[in-house]
Structures are given as structure tokens and as C-alpha cells.
Amino acid sequence: MITDALHQIVVHRRDLTREQARETMADVLGGKTTDAQIGALLVGLQMKGETVDEIVGFAEAIRAAATPLIVRDSALDVSGTERDALLDTCGTGGDASGTFNISTATALVVAGAGVKVAKHGNRSVTSKCGSADVVEALGVNINLPAERMAECLEKVGIAFLFAPAMHTAMKYVQPARRELKMRTVFNLLGPLTNPANASCQVVGVYTGQLVEKLAQALLQLGLKRALVVHGWDGLDEITISGPTKVAEVRDGKVTSYEISPEQFGLQRAPLSALEGGDAQVNAAIIRAILDGERSPKRDVVLLNAAAALVAAGQAETMGAAIPVAAYAIDSGQAKGRLRLLVEFTNL
């Protein structure tokens, strides 16, 4: 299948069908391809531009090959009725902004507000510090078996799902990704392949061209509610420096709109005010936010946490969700959730 796919994508610049994409990725994850073929596939897709069908087909193959995380108190009860939302804040990364790990801080705040969070993430591929790097620097043991991750989610209310542990077949892709050192379709697939089958998400993307595309992919993959976001300054989060483009998945359709910080009583700040560093620097920034320090960094986390609370159904609007997120920080609940996470994962 990989040879046919390469001819179609690289030679003829034709799109794959959803089924062809699924079969191609299954071959990749089955170890049936070479590093050169994987590299050609990734570059060819990047040059052609990935379609929604291709993205969905790839995601379906990765989901099928993943180690499932069985959560007893999951998003659905035995009758199939929605009970507790299960949220992920995993984004695409790859925005080259140099900011601290906003989506990881957001996950802790939202967990502090009482939402169950299955934070999917990995080590850095193209940035200084990936979500796995900063979570580890915060004291969390990320190398847990799936059963312990599920238990952590049930008992603590938040778990970090370390992608290499859940997607072991991705070992076939990593050499090509490391050598390419560029954004590829796998940046898009991380947020679409949560092993706990998260029912709601906030997904930051590195270009505005992907906002609606990723929202349509999430819709096809069965997400109940999601917000896909991209800041005007290039941030793959809701930004504090100006407008943010949003595509919201809700009630079986996608709605696009734009938001700005001042709509929610927050002041704009330059992107430089969100600058981070390595894992230790970013961990210190997150601790300061959870300690209640006022800054643009706190404000950008409030914005993103508000979006996550809306996605999880805990608030109808972001305006109503901002005070909920602020209380989770100022009451110490978010900090307490991190403490419990560190304690549980190091037992």
C-alpha cells in the first residue's frame, strides 16, 4: 500500500481516500515500511496539503493500534448516556513561538475545577520543551503502565498519557520525524488519537488554515464538543496578544468565530510576555501561575482554561468560565491537583 500511496501523493499529487489513508498508516505502524518511505510520505503530504479524509483515516489507524486506556468512570455510563466529560488539551505544537507549556498549565487548572482530564502528550520534537518534559520537571512520573494511568485518572481526576507508552507502534515513525525536524501530519494526529477516547477537547493548531480542517476531522471522529483555536500571532493556543480564530464542534456541526481577550475583561499583552524556556524554566512558570501570581501568563491560561470548561460543558460561555478557572487557581485546587498527581504517580 505504501508504494501506491507514494505514487499517488508524490508523483501525481492526488489525495488519498479515507480508506487508503487508513491502510497506508496501518502499514507504517505495522513496520512494513522503510524510513525513506515514511520520510517521503510525510514530505509529500506536507507539500500537497493533508485533506480531512487523509487526517481522519490516519487517525483511525493510529487509534486502532494504540494501547487502550479503559476508564471505569468514563465519558459514558452503561446506558450510553453522557455523564462526566473527559477532556484533552493536546495541541499540534510546532508554532515555533517559544512560549511556556500553556496547554499543560490549562489541563491542571481545568482538573482543579473538577473536570476529568486525560492529557495526551509527548516530549519535544521541534520545540525546547514538550508537555512530557515539563510534566516530568513538575515531578510527575510519566512512565506508568496503562492500568496505572487509568487508575490515576479515576482517583486523581487527571492523568498524563505519555504518547510513546500508549502508541508503541509509533517507534517506526520516530527516526524519520527526528531527522526531518519539521512539522508533519503527525503534529495533527497527536490531538486526534487520545487513548482514553476523550469526549471533548481544546486543540491549538499552528496555522489558521488548519482550524476548520481539524474541527471537521474531530467531528468525523465522533467528538461531542471541541474548540480548535489559532492565535493571530501564530500561537497554537488562544492568545492574549490579539484575536484568536475558533472553530467549535457542537451539536453535530462546526461553527467558526473570533474572540479577543478584552471580551472577557483581560488586557492584551505581547507574545513576548508568554516566553518560556527549557523544562525547568517552564515548570517554574507553571508553579508560579498555580501559586496565584498575576501576569499575562496567568491570563492566557485563564483564557484557554475557560475554553476547556466550555468544551467540557461546565460553562455555557467563556465569559462565565473565566471566574471558574480563576477560582480553581486562587482556591489552591489546581495546585492541589498537581500535588495529588505527583504523589500518585510516584507511589
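Cβ coordinates are placed from backbone N, Cα and C, and glycine is handled just like the others.
Annotated anthranilate 1 binding site per Swiss-Prot: G91, N122, in sequence order, evidence recorded as sequence analysis. The C-beta environment of G91 (anthranilate 1 binding site), restricted to residues of the same chain at least 6 apart in sequence and closer than 8 Å, consists of S103, P191, V202, V203, G204, V205, D236, E237.
The local packing around H120 (5-phospho-alpha-D-ribose 1-diphosphate binding site), expressed as other Cβ atoms within 10 Å of its Cβ over all shown chains, amounts to 27. Per Swiss-Prot, 5-phospho-alpha-D-ribose 1-diphosphate binding site is recorded for G91, 94-95, T99, 101-104, 119-127, S131.
Residues or ranges marked as Mg(2+) 1 binding site by Swiss-Prot: S103, E237.
In the three-state DSSP assignment, the secondary structure recorded for R177 (anthranilate 2 binding site) is helix. Feature annotation from Swiss-Prot assigns anthranilate 2 binding site to R177.
What Swiss-Prot records for D236, E237 is Mg(2+) 2 binding site. Reduced to three states, the DSSP call for E237 (Mg(2+) 1 binding site) is coil. Packing around E237 (Mg(2+) 1 binding site) is summarised by its Cβ count: 28 other Cβ atoms lie within 10 angstroms of its Cβ, all protein chains included.
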Item to complete: Sorry to bug you, but what's the C-alpha spacing from R177 (anthranilate 2 binding site) to H120 (5-phospho-alpha-D-ribose 1-diphosphate binding site), rounded to the closest Å?
Response: 19
Fill in: Three-state secondary structure, which DSSP defines for G91 (anthranilate 1 binding site)
coil
Worksheet item: What does DSSP say about S103 (5-phospho-alpha-D-ribose 1-diphosphate binding site): helix, strand or coil?
Response: helix
Discussion item. Quick check for the class: what is the C-alpha distance, in angstrom and rounded, between R123 (5-phospho-alpha-D-ribose 1-diphosphate binding site) and R177 (anthranilate 2 binding site)?
Written reply: 13
